[in-house]
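Chemist: Mind having a look at this structure? Questions to follow.
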């Protein structure tokens with residue numbers, strides 16, 4: 001029982017981070033119809049930017065977070081302006097490949113500046129543990145769930161209440177209609193990339209705090225795909241459901257069956273879902289016409 | 001098929017010909033002479049790279065059949081290469097099949113598995129399909145890594161050297177084995193698109209609903225495209241197994257899928273010649289960078305230290321640059337160059 005609870009906490013923490021990473025992914029897809037294969041590298045770059053501010057420049061962690069957020073916004077806007085905007089209207093394969101190329105460049109840049117060795121970063125979250133129902137719970141993972149929950153809630157409120165959030169939803173729904181209503185689609189695209197980079201930054205920093213600052217953070221980007229397929233490529237609530245499901249599933253499989261199997265099980269789920277529901281569980285079905 | 005202006009066809013047969021003008025035949029002759037001279041002009045190191053290019057060309061052509069001609073995005077190339085390599089290696093080392101037979105079986109098995117993983121394509125399109133093929137890549141990788149009996153628990157398979165290959169002339173002999181195989185494979189792929197099957201692939205790519213309306217069997221076209229493409233990829237994988245003499249999962253990761261996609265993007269989607277150019281470009285790029293890096297590294301040590309990272313960065317920059325500047329790849333650049341010369345001094 002205590003093992004089960006522990007796995008659940010680990011799974012929820014992983015799932016919460018996954019949901020954050022997937023949120024950025026869905027934001028970009030919803031607003032711009034781009035599949036971002038560089039999402040994992042956004043996490044990686046985010047984690048290293050925070051590391052630079054926090055450890056190298058010795059800023060207090062609040063200031064370091066601010067520096068990280070500003071860096072992430074700049075990264076997102078630059079990528080949108082110089083890499084994705086020229087490709088508006090191009091085929092799916094071009095857009096996929098350009099983000100793959102981008103991921104290769106980002107990863108190489110991180111490798112050039114920081115090398116491949118694992119960087120130690122002082123833990124921001126307390127590392128103790130609390131007793132609950134006979135299980136020893138790591139505090140930092142509980143806090144990760146909390147922080148991710150707060151960030152996700154903030155994003156949801158932003159979409160529902162704020163002017164820009166509503167404009168984003170309008171663009172996602174129908175670009176031309178949004179244009180006629182005086183919404184700048186360009187600004188919304190830039191905003192989507194900036195927000196995606198920020199949510200990736202949060203995910204990257206949390207992930208780095210749980211493990212370490214290293215190149216492996218980028219591999220988290222691939223597990224985002226089962227998450228978004230489970231939730232639907234264009235569904236924000238779907239990312240939370242999908243993230244938590246995949247996070248729990250991975251932990252249970254690795255805890256009760258085989259850690260190796262846990263790496264591949266999300267993809268098996270992905271194929272199974274796509275066979276039954278080609279647009280994911282919460283995804284919007286599109287009617288195609290000639 | 002779009003042909004250059006100034007060429008008039010009087011019969012359908014003439015229009016379907018692969019080469020229309022004397023200049024095209026002349027260029028082909030030049031290429032053949034070049035290919036015959038290459039092994040005697042290059043040293044062993046560069047001949048080895050030429051051999052890797054020949055193997056990659058087969059794989060790139062296979063991927064282009066699927067992605068460029070049928071419009072089905074696949075990130076599962078690495079996985080299918082692995083199927084070809086493992087099948088042929090296991091068949092010839094443990095079942096004792098003669099090598100040509102093992103290669104043929106490997107092609108068939110890969111084609112079958114490709115068709116199997118192509119089944120989701122019947123319901124999925126574009127981005128969703130790309131993600132589904134990513135899953136097939138990961139699942140195949142899991143299987144070849146974790147099913148110990150495939151490699152008898154060693155994690156890799158050692159393939160014995162072909163009996164007639166000598167150590168001293170290894171690369172040269174392989175060149176003469178690979179060249180005809182690659183040549184035939186490329187010719188076959190080129191010819192597929194003169195048949196109704198090939199045309200149906202292109203119809204599915206351009207507008208699948210319209211294709212269905214004019215009587216193209218989409219299910220058949222998509223599954224055949226997956227099978228045919230995987231057949232080529234299986235051949236490439238099998239050849240690489242015998243050529244490198246070891247089969248390990250590290251050589252078939254997602255990075256390999258990405259590399260092959262980069263080849264056909266850089267070369268030109270929907271062009272057989274483009275896949276050849278792309279494969280040459282993408283295989284030469286790291287070799288040339290190593291060469292340049294070593295020269296420059298003497299004066300600037302930073303380059304030597306960071307060579308792998310620099311290679312990755314240039315790989316990514318190459319993809320992005322091509323997509324932004326010439327999305328139709330080297331093939332288009334080449335045809336523009338030809339046009340420029342042909343119409344000189346006029347612009348068009």
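Yeah, the Cβs are placed from backbone N, Cα and C, and that goes for glycine too.
Model, not experiment: these values are computed from the prediction.
As annotated by TrEMBL, transmembrane segment applies to B:25-42, B:48-67, B:74-91, B:97-119, B:126-144, B:174-193, B:258-289, B:309-327.
So where do these features actually land, and what's packed around them?
Modeler: Through the fold, the transmembrane segment (B:25-42) approaches residues 19, 50, 171-172, 175-176, 179 of its own chain, all at least 6 residues removed from its boundaries and within a Cβ separation under 8 Å.
Note on the transmembrane segment (B:48-67): residues 38-39, 42, 73-74, 77, 81, 171, 174-175, 178-179, 181-182, 185-186, 189, 192, 201, 225-226, 228-233, 235-237, 239-240, 243, 260-261, 263-264, 267, 269-272, 274-276, 278-280, 282-284, 287 of its chain, located 6 or more positions outside it, place their CB under 8 angstroms from a CB of the stretch.
Sequence-distant contacts of the transmembrane segment (B:74-91) (same chain, at least 6 residues past either end, Cβ-Cβ under 8 Å): 59, 63, 66-67, 97, 99, 101-103, 105-107, 109-110, 113-114, 117, 129-130, 133-134, 136-141, 144, 150, 157, 159, 229-230, 233-238, 240-242, 247, 249, 251-258, 260-261.
Residues 72, 76, 79-80, 83-85, 87-88, 91, 133, 136, 140, 162, 222-231, 233-235, 237-239, 242 of the same chain sit 6 or more residues outside the transmembrane segment (B:97-119) yet have a Cβ under 8 Å from a Cβ within it.
Counting same-chain residues at least six beyond the ends of the transmembrane segment (B:174-193), those with a Cβ under 8 angstroms from any Cβ of the stretch are 18, 35, 38-39, 47, 50-51, 54-55, 57-58, 61-62, 64-65, 69, 165, 199, 201-202, 228, 232, 235, 239, 243, 272, 276.
Beyond its flanks by at least six residues, the transmembrane segment (B:309-327) meets 262, 265-266, 285-286, 289-290, 293, 303, 333 of its own chain at Cβ-Cβ distances under 8 Å.
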Chemist: Under an 8 Å Cβ to Cβ limit, what residues of the same chain, 6 or more beyond the ends of the transmembrane segment (B:258-289), are close to it?
Modeler: 46, 49, 52-53, 56-57, 59-61, 63-64, 67-69, 75, 77-78, 186, 189-190, 193, 202, 205, 307, 310-311, 314-315, 318-319, 322-323, 327-332, 334
